[in-house]
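This report refers to the structure that appears directly beneath it.
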Amino acid sequence: MVLDLLKSGVLLAVLASFTFSVMNALVKEASATLPAAEIVFFRSAIGTLLIYLLMRQAGVALSRQGVPMLLVRGVMGALYLVCYFYAIAHIPLADASILAHMSPFFVILFSALFLGERIPRAVYWLLLVVVLGALMIVKPFSYSSYSVYAVVGLLSAVFAAGASVAIRQLSARHHTYEIVFYFLAVATLVAIPLMWNDFVVPATLREWGLLLAIGVVSLLGQVFLTRAFSHESATIVAVTRYIGIVFNAGWGWLFWSEVPDALTIAGGVLIVVACIALSRTKKG
């Protein structure tokens, strides 16, 4: 019965969202004493080792073709992690999660710019709704440190979209494990100069435990997500993943007493509704 459940794309997408939300909570806890770039380094280094072992077990070899695009995907993914973890450390989990979930719209824009894909007219109206929702969350006219951190969270969606467009170019010729390996290996290297001046040696078993858990849990979430896409359409998986916002809000409320304000809730609703409508537009 468990095996049958694990063949449900929707359930796997929910599990992936839940697992990534756990990772986000662990990142927020670790960021109390460790810099975001350092967390990215350990998360990526541990993940690189684990995915390499999976590649060995599955007999997947590193190819010599398409390396430049693999590196682009890796850099985009690395910058996504740095921005997202930095945002998680400074703003509520729900806010960071909502902003990161804006990536589908940037995927549409990048696909039009770099892949020559046509943007349906309806998407322009949905984009306006998303921009309005983002402004309600970022609050650019409040001139507070929160707004700066929220902009960094928004940048995480931009870099995530860049990574997604690169994956679309790579997935036809490269195994998923290889794409993930390059992402994690490059992220490990990118994190080194970013953490160089602020590196803090983890001093307690608790800090080491958090870093190890982040690496393992994030890879587990990646496996769930990959399996979800193999058992269900990309549209259904993408829509289902918005439940991750609820999970993140739950952890934020439970452990850090984070309660989103009215503007954030309203902006989040606009973004989620617009993104679901976008998925239906793409499906149509």
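In case you wondered, yes, glycine gets a Cβ from its N, Cα and C as well.
Copied over from Swiss-Prot:
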| type | residues | note |
| --- | --- | --- |
| TRANSMEM | 2-22 | transmembrane segment |
| DOMAIN | 8-138 | domain 'EamA 1' |
| TRANSMEM | 34-54 | transmembrane segment |
| TRANSMEM | 74-94 | transmembrane segment |
| TRANSMEM | 96-116 | transmembrane segment |
| TRANSMEM | 122-142 | transmembrane segment |
| TRANSMEM | 147-167 | transmembrane segment |
| DOMAIN | 151-279 | domain 'EamA 2' |
| TRANSMEM | 179-199 | transmembrane segment |
| TRANSMEM | 209-229 | transmembrane segment |
| TRANSMEM | 236-256 | transmembrane segment |
| TRANSMEM | 259-279 | transmembrane segment |
Contacting positions for the transmembrane segment (122-142) when only residues 6+ beyond its ends and CB under 8 Å are counted: 95, 98-99, 102, 105, 108, 150-151, 154, 263-264, 266-271, 273-275, 277-278, 281
Other parts of the chain folded back onto the transmembrane segment (209-229), taken as Cβ under 8 Å at six or more residues beyond its ends: 6, 9-10, 12-13, 15-16, 19-20, 22-23, 26-27, 29-30, 34, 39, 42-47, 50-51, 176, 180, 202, 237, 240-241
Secondary structure content of the domain 'EamA 2' (151-279), with strand meaning DSSP E or B: 109 helix, 0 strand, 20 coil
The transmembrane segment (179-199) vs the transmembrane segment (96-116): 3 or more CB pairs under 8 Å: no
Helix-strand-coil residue split for the domain 'EamA 1' (8-138), DSSP-based: 107 helix, 0 strand, 24 coil
Chain residues in Cβ proximity to the transmembrane segment (259-279) (below 8 Å; excluding those fewer than six residues from its ends, i.e. six or more beyond): 92, 94-95, 98, 101-102, 104-105, 108, 122-123, 126-127, 129-130, 132-137, 139, 235, 238-239, 242, 245, 249, 253
Feature contact check the transmembrane segment (74-94) with the transmembrane segment (236-256), CB under 8 Å, 3 or more pairs: yes
Residues of the parent chain within Cβ reach of the transmembrane segment (147-167), under 8 Å, 6 or more residues beyond its termini: 69, 72-73, 76-77, 79-80, 83-84, 86-87, 90-91, 95-96, 99-107, 109-111, 114-115, 134, 137-140, 179, 183
